[in-house]
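**Student:** Next up is a structure, given as structure tokens.
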């Protein structure tokens, strides 16, 4: 199906269901239509993807961030190279690692082979070897599982803010890790002699418990917000000498765990928060922490509000909750308490949301139903087209839904690559996935 704006609309999900018993295939969507029967399995529709790669790193990662690199913006030529910083959730506290990943030689989906001679087969084997994706991994021991990772550049210095399950927030310098994943000899030396000595450059233990919410300001270098499961939010201000002053007075307002934080992309002092108390709040740090909450929507979702993302291009805030709903809030109308749009495709809690960095109407979401969905607010169904070409099971899908990706297990987080348009990276119990669909 093609959307009216010319984008392919892939409600074939990228993962159609293959019914082995009959040899036929049909679209499978969780919560819509019958569940998978015995003998049926999800099979990827490769024609729905431009790029698709998977990687595993041992213990699963609850959180990661994509590192903005020096390889250029708007990269579309394949193969791709990308850098990730991630933290593990291992079975024992001492088995955890902070990791730097360099994924490279990421080629696109190979077209199906054409009938040819034996020479073609030999060339294909050589080509397959040349096209193998590569992964370099630098690891640093970390005591305790890592709940969230967010990366920022402080001038020319890359750093990672880390929320630990042990109740501490730490900042790690990443320059050395970035260097060694680019140099095999340096990586070997690092893993042998240096990794055990890497320590955080700053640690804050004043949260009185663990948390998940963390965001670096995109406008003021080094300014950081951290929120915990005890309902408190703290502001970090960078100081001379590469350290931070953390205001011990928390921002007060939420009545339960602070789940996510987002700085405004247009105002230095404004940020948004969401909570397990079902609310979304807008704050201004120019006021005293006890009076800084300026706007509140008390019942933003039916239950916990898990994640929020502030659009870099429009005055919109995107939220996802335990109710499986995705909601868009126009900040010019936030006082009304009503979203300007609500989408219900997921059938389990939303675990991650993010606006596309270049296309203002496009966003992606992941859920505990193991779906990643891609959406475009600009899409409207053509009333003259009717539903003659539509699979009967897809007629009632939201018209803004572009693509449903499946096949992961226990999805936790996703990010668009800021320099490679349309490329999504996700982390799940099943590992990392890097992909680009034909729809975005």
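For all residues, glycine too, the Cβ spot is worked out from N, Cα and C.
According to TrEMBL, the protein has these features:
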type	residues	note
REGION	1-30	region 'Disordered'
DOMAIN	40-107	domain 'Histone-binding protein RBBP4-like N-terminal'
REGION	106-134	region 'Disordered'
COMPBIAS	116-129	compositional bias 'Acidic residues'
REPEAT	251-286	repeat 'WD'
REPEAT	298-332	repeat 'WD'
REPEAT	343-377	repeat 'WD'
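If you look at the structure here, what lies around each of the features I listed?
**Tutor:** Sequence-distant contacts of the repeat 'WD' (251-286) (same chain, at least 6 residues past either end, Cβ-Cβ under 8 Å): 211-220, 223, 225-235, 292-312, 317, 319, 321, 329, 331, 334.
In the predicted model, the repeat 'WD' (298-332) shows an average pLDDT of 97.
Secondary structure by DSSP for the repeat 'WD' (343-377): 0 helix, 18 strand, 17 coil.
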**Student:** With a Cβ cut-off under 8 Å, give me the same-chain residues at least six positions beyond the ends of the repeat 'WD' (298-332) that come close to it.
**Tutor:** 218, 257, 259-265, 272-276, 278-280, 282, 339-355, 357, 360, 363, 365, 367, 369, 375, 377
